[in-house]
Amino acid sequence: MVRIIPMASTFRPSLSSFRFTGTSRFGVSLSSYNPSRRLSFFHLGSAVPQSQLFGLKASKLLRGEGKSMGVGTAGNMAQASTTATQENALEWVKKDKRRMLHVVYRVGDMDRTIKFYTECLGMKLLRKRDIPEERYTNAFLGYGPEDSHFVIELTYNYGVDKYDIGSGFGHFGIAVEDVAKTVDLIKAKGGKVTREPGPVKGGSTVIAFIEDPDGYKFELLERGLTPEPLCQVMLRVGDLDRSINFYEKAFGMELLRKRDNPEYKYTIAMMGYGPEDKNAVLELTYNYGVTKYDKGNAYAQIAIGTDDVYKTAEAIKLCGGKITREPGPLPGINTKITACLDPDGWKTVFVDNIDFLKELE
């Protein structure tokens with residue numbers, strides 16, 4: 001699972017300039033990592049050279065068997081090899097067994113947040129861990145086990161009671177059977193309702209908006225019974241077509257639907273690994289004319305399961321994504337991960353599926 005490093009209470013830069021300096025669960029400095037605190041598992045894989053991932057590199061194709069090769073021919077073959085490699089990578093991505101595992105963000109009072117999520121939103125506290133020597137606490141909450149449900153991972157850093165959510169993060173979505181009743185319960189518990197129950201503009205789905213104690217917004221969507229109540233993470237992007245192309249190719253997500261609302265000057269795209277009524281999805285929002293957003297320092301990242309972090313990283317690179325943590329096992333526990341940024345700078349961590357299940361044991 002993802003762990004966010006401690007931060008000074010007076011330090012609130014934008015995410016783009018935020019420098020992680022402590023130990024981190026996924027993809028940042030591990031200089032003070034102490035493996036004795038973690039479970040140790042068998043090493044399930046080792047680094048694979050990129051040339052073994054999706055076929056021969058151009059350099060191999062350019063080797064002559066004692067013969068010289070024209071520059072033009074060599075260039076054409078190199079280009080053909082690159083194209084073939086990319087096609088192989090994207091084809092593998094489509095076949096990879098992927099699932100959104102959890103979303104990670106920071107809160108200023110762990111007990112207060114757990115109380116709100118369990119009493120008002122009906123979540124269950126799945127597990128909690130405190131690491132006093134590194135001054136942080138993690139809590140995992142959701143509507144079902146982590147091995148089959150999309151869940152929330154909260155991080156509390158000792159002494160930090162407030163974070164900047166920024167303008168880029170939108171909201172989380174929760175599917176409920178009766179929005180009005182849920183809102184009444186939240187009000188009775190002292191929760192903040194920012195949009196009363198009613199049909200969505202231009203549609204018939206009944207929704208409402210609330211805020212948790214830290215100011216994170218939750219959209220309540222009225223649906224029937226669903227296996228995945230924690231159903232959406234909404235992020236704002238500066239170029240929707242660019243983002244759709246990236247998430248389809250690099251992440252293997254499917255464009256489930258796209259809706260333009262010129263009256264209110266925004267367009268949304270739902271991306272995911274299955275139908276919205278059965279899976280958590282990523283809701284990307286483009287506001288007309290807005291190309292950049294302040295990401296703050298509160299929201300962290302989404303974790304996605306994969307069968308091979310090495311191939312995943314290679315595919316992301318081929319699609320123009322930025323790898324921020326090269327693929328490989330974490331020290332001490334051998335869980336293999338890789339981390340990257342999308343074109344807007346939103347972070348995602350990919351976790352080996354088998355290693356993830358072993359961690360849950």
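Using the three backbone atoms N, Cα and C, a Cβ is placed for every residue, glycine included.
Owing to the predicted nature of the structure, the values given are computational and were not obtained by experimental measurement.
Under a cutoff of 8 A between CB atoms, and with a sequence separation of 6+ in the same chain, the neighbours of E219 (active site, proton donor/acceptor) are H171, F172, G173, I174, I207, A208, F209, Q232, M234. TrEMBL lists E219 with the feature active site, proton donor/acceptor.
Within 10 Å of the C-beta of H171 (Zn(2+) binding site) there are 18 other C-beta atoms, taking all protein chains into account. Under the heading Zn(2+) binding site, TrEMBL lists E153, H171, E219.
The domain 'VOC' feature in TrEMBL is assigned to 99-223 (among others).
The domain 'VOC' annotation in TrEMBL covers 229-353 (among others).
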Number of Cβ atoms other than its own within 10 Å, given for E153 (Zn(2+) binding site): 25
Three-state composition of the domain 'VOC' (229-353), taking helix and strand from DSSP: 21 helix, 57 strand, 47 coil
